[in-house]
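Undergrad: This is the structure, below, for whatever I ask next.
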Amino acid sequence: MPKHFTRIRDLGFEGAWKVLERAKEMKDTGYRGRTLEGKVATLIFEKASTRTRISFEVAVRHLGGTTIFMTPAESQLGRSEPLRDTARVISRYTDCMIVRTFGQAKIDELASFGSIPVVNALTDEGHPCQVMSDVLTMYERTPDLSQVRVAWIGDGNNMANSWIEAAMYFPFELFMAFPEGYEPDRQLLGLALEAGAKIFLTRDPHMAIDGAHYVNTDVWASMGQEEEQKRREAAFKGFCIDGALMGRAHPDAKFMHCLPAHRGEEVTDEVMESPASIVWDQAENRLHMQKAILEWVFTE
């Protein structure tokens with residue numbers, strides 16, 4: 001049976017820490033390997049991306065493999081044929097599927113019916129590669145994650161969901177602020193709390209950010225939600241990370257954003273360009289974390 005990375009929970013506690021440590025080691029040593037030598041990874045992107053495509057293509061090459069990239073027009077996941085058929089066919093041609101799509105159910109079906117590893121490069125429900133990369137970005141600076149307080153300010157979107165998942169395996173405190181009606185997945189939150197995750201929810205961004213060591217946000221309208229832009233701008237009034245709000249965090253706090261950022265909406269230009277901003281380190285760490293994840297799915 002192939003190993004999949006469809007969500008952070010696929011790693012389990014031991015796997016999550018193993019991948020985190022391995023990603024740091026790969027970064028520190030400039031690792032190049034042969035794990036994917038002779039293997040072909042199919043990148044299936046229904047949602048366009050700059051960082052995700054480049055970082056995954058480079059990651060595969062650093063591990064000795066090659067890639068085939070399928071555009072949204074070419075992939076047609078579930079439109080021209082059943083997903084289960086697509087999964088079986090691609091499994092006969094290539095060695096791994098790296099999928100960036102809308103519904104999580106598509107990722108899960110590809111994993112269920114294919115015979116090769118499936119890696120979640122983003123869905124509407126989760127962004128596990130990004131959040132694992134963000135944990136790496138914190139871990140580099142604060143190896144004792146039990147001393148870390150993370151603030152999430154904004155939408156209860158796929159990023160928020162994956163942060164909740166990460167809190168199940170890593171011992172940081174997670175304070176999250178959302179406007180009413182924009183909460184994260186309730187069932188996932190329940191699972192995390194039952195697992196002992198230290199997660200606290202509020203409507204007040206000031207309360208969530210007070211004393212935080214790492215301050216996170218994301219766009220207010222994700223891909224596919226453009227028609228909701230005006231309504232969301234009104235709902236998220238007061239949730240913009242500006243100098244005043246950032247000033248409530250820990251004196252040495254760092255600002256994080258998965259990018260692309262809508263400057264002037266969820267974050268000001270002042271904060272993005274400040275010494276507190278570590279968004280470019282986050283972007284780089286996608287490469288190292290994805291190499292570690294690919295190695296994990298291909299290692300018994």
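Every residue, even glycine, has its Cβ placed from backbone N, Cα and C.
A quick note: this is a predicted structure, and the numbers were derived from the prediction, not measured.
Straight out of Swiss-Prot:
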type	residues	note
BINDING	Ser49, Thr50, Arg51, Thr52, Gln76, Arg100, His127, Pro128, Cys129, Gln130, Cys258, Leu259, Arg286	carbamoyl phosphate binding site
BINDING	Asn158, Asp218, Ser222, Met223	L-ornithine binding site
Undergrad: Between Arg286 (carbamoyl phosphate binding site) and Asp218 (L-ornithine binding site), what is the CA-CA distance rounded to a whole number of Å?
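TA: Checking the Cα atoms of Arg286 (carbamoyl phosphate binding site) and Asp218 (L-ornithine binding site) gives a distance of 16 Å.
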Undergrad: Counting only residues 6+ away in sequence within the same chain, which have a CB under 8 Å from the CB of His127 (carbamoyl phosphate binding site)?
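TA: Set apart from His127 (carbamoyl phosphate binding site) by at least 6 residues yet with Cβ under 8 Å, we have Asn158, Met159, Ser162, Cys258.
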Undergrad: What is the Cβ neighbour count of Ser49 (carbamoyl phosphate binding site) at a 10 Å cut-off, with all protein chains included?
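TA: 16, counting other Cβ atoms within 10 Å of Ser49 (carbamoyl phosphate binding site).
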Undergrad: At the level of the C-alpha atoms, what whole-angstrom distance separates Ser49 (carbamoyl phosphate binding site) and Asp218 (L-ornithine binding site)?
TA: 15
Undergrad: Taking the Cβ of Asp218 (L-ornithine binding site) as the reference point, list residues of the same chain whose Cβ is under 8 angstroms away and which are at least six residues distant in sequence.
TA: Gly154, Asp155, Asn157, Met159, Ala160, His257, Cys258, Glu266
Undergrad: Across all protein chains in the structure, which of the binding-site residues Arg51, Arg286 has the highest Cβ count within 10 Å?
TA: Arg286
Undergrad: For Ser222 (L-ornithine binding site), list the number of other Cβ atoms lying within 10 Å of its Cβ atom.
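TA: Within a 10 Å radius of the Cβ of Ser222 (L-ornithine binding site) lie 18 other Cβ atoms.
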Undergrad: Which number gives the other C-beta atoms within 10 angstroms of the C-beta of Cys258 (carbamoyl phosphate binding site), all protein chains shown included?
TA: 23
Undergrad: Please report the distance from the Cα of Cys129 (carbamoyl phosphate binding site) to the Cα of Ser222 (L-ornithine binding site), rounded to the nearest angstrom.
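TA: Their Cα atoms are separated by 17 Å.
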